[in-house]
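First comes the structure, then the notes that go with it.
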Amino acid sequence: MAEAEYNVSVPRLNSLLELDPYLKPFEKDFQRRYGLFEKQLTLLEEAEGGFDQFTRSYKSYGVHRMPDNSLVFKEWAPAAEALFLTGDFNGWDNFSHPYAKKDFGKWELHIPPKEDKTPAVTHNSKLKVVVHTRMGERLYRISPWAKYVTRHEKSVIYDWVHWDPPQPYIHKHPRPQKPRSLRIYESHVGIASPEGKVASYSNFTHNVLPRIKDLGYNCIQLMAIMEHAYYASFGYQVTSFFAASSRYGTPEELKELIDVAHSLGIIVLLDVVHSHASKNTEDGLNSFDGSDSCFFHSGPRGEHSLWDSRLFNYSGWEVLRFLLSNLRWWMEEYRFDGFRFDGVTSMLYHHHGIGSGFSGDYAEYFGLHVDEDSIVYLMLANHILHTLYQDCITIAEDVSGMPTLCRPVQEGGLGFDFRLAMAIPDKWIQILKEFKDEDWNMGNIVHTMSNRRYGEKCIAYAESHDQALVGDKTLAFWLMDKDMYTNMSALIPMNSVIDRGIQLHKMMRLLTHGLGGEGYLNFMGNEFGHPEWLDFPRVGNNESYHYARRQFNLVDMDHLRYRQLYAFDRDMNRTEDKYGWLAAPPAYISAKHEGDKVIVFERANVIFIFNFHPTNSYSNYRVAVGPPGKYKIKLDSDEIHYGGHGRLDHNTEFFTEPMEFSNLPNSMLVYIPCRTAIVLVNEEIDYCY
């Protein structure tokens, strides 16, 4: 590494070091990273006229119809000997339409319009690239830039389908403003129906979006949209990066889904997979030009041993073109509002996080085991997205705790807006598996909820799709298990298992919502205590869809208690929307009492009180308060219509006394029933946040 790159000036590095002086010994690492980032930006300016043009490469690669209806095809296949186009349009002739070889491994083909001036390749017709290798092989490939691929029912291989509809979908609604508090509904289109089949974009638009709006979520995170040949991969083994999955419908139907979400004031994030790619060759990126490199590293560096997938060469010019243009494509063509980047831990380190426990020692985050090509790619991606789209949101899925992941690029950070607080769901599962209720450690729970890097925002969640996968189960099923099959009727008294499960389900979610981060995430269906687990059709379960669906019908039955959990989740989100605790600084925790099993904290001038004790209720329990005045109950997990016991009188007014308690100037006496959480607000404060 050239010495000059150590002396690069990182514009706001001093701000970062003031925030965390323990990063000072790694100043040279930040300078080197920023130097590499700056160098790439300069090269983009010199070679491509800047990143704006470079990231619009989807307008020239793949296939494009010109104003005169001629078609231009363009690919990058550096190891190929020759390229041909074949398909329905030429009777699958493998030699009639050769590409011309250009510089830097690029290939181009121009096809004039037919005699009647219509395009030679019609909308919805099939195509393939025929690649001739230097070894004399003839390979059939899908363009990496393909916008639509489909699979015939009896085939295992996907086909490239030319998508050029006569009436493309026109977006009607502007993007909503970026919300101050992010409440995310993590969704999978294919399982978004009670029916045992792959559900559609159209079903999601008409049947699921109204529920999400009603529940008070202002953001949807869509999984498994980028095309993936293997449904059971949950969308994480991507085969076509520019194609929206055809198993749910057409690209136009996905555009409508996003447009309707925007009309409801809901933003939509794409779960983007740039950490690896499927090993598929005939319908994937792997070995596109016949070599083991092309978009990937060759040899062991290009393979992920645990995921059995290919790893991108982030220093490759054409790889950067492909991936950065891919982000731009989803923002421009479909009007997504940002991204949740999957598998970031795997990208950050040469060891991909395999066999690494991450103790939090800063030396784990700097040095030769860190993949700086990946880091520079992520810095570029965030810089470009946030420069072009002021309200774009990016979220990193990182389990390692990499410092500066969510600090601005100008400080030497990676530029993400949020990271997922992945320790929180693990803690809840551990507690439910290993401890009796009376042995729950309040201090340990609070530590897990509040242990995050100052100045780096987190998305908190009690459970996501990960926790519900086969081999595990939803929190509701951990809590209530087989009783959910027979005892969820509100027409019969709750037995002790259902009573405990319903109360704790609400409390765990509210505690995570209030204390765990600067955003909140819920996986679809879990808000109402979805039973069982997730399992996609595969050979091992006789291709069954039984566990690959969401039983929204359970909420629609008046006599089932799922409706009560749904109502609590809805009112929890609506209460946050009014008082804005997610947008506020971290909470002040005034009590974590092990014997009483009580947690009390204050955030955004809202008082949260939790009594996790299975049997003890407390009258005249003193809690610390900041602002003096009169407080009233705004959310109460014990309300009858939330499946509670209705032990609190909501007309009660709680008056503070100027009695210092837990280092706060005021305090008040409250009644907190066992297994109950309450939210109190000050009637004398204007909460317009």
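Including glycine, each Cβ sits where the backbone N, Cα and C put it.
According to TrEMBL, the features are:
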DOMAIN    195-561  domain 'Glycosyl hydrolase family 13 catalytic'
ACT_SITE  Asp342  active site, nucleophile
ACT_SITE  Glu397  active site, proton donor
>> For the C-alpha pair, I'd like the distance in angstrom between Glu397 (active site, proton donor) and the residue listed as 'active site, nucleophile', rounded off.
In response: 5
> Non-local Cβ contacts of Asp342 (active site, nucleophile) (under 8 Å, 6 or more apart, same chain)?
Replying inline: Tyr236, Asp271, Val272, Val273, His274, Ser275, Glu397
> Other than its own, how many Cβ atoms are within 10 Å of the Cβ belonging to Glu397 (active site, proton donor)?
Replying inline: 19
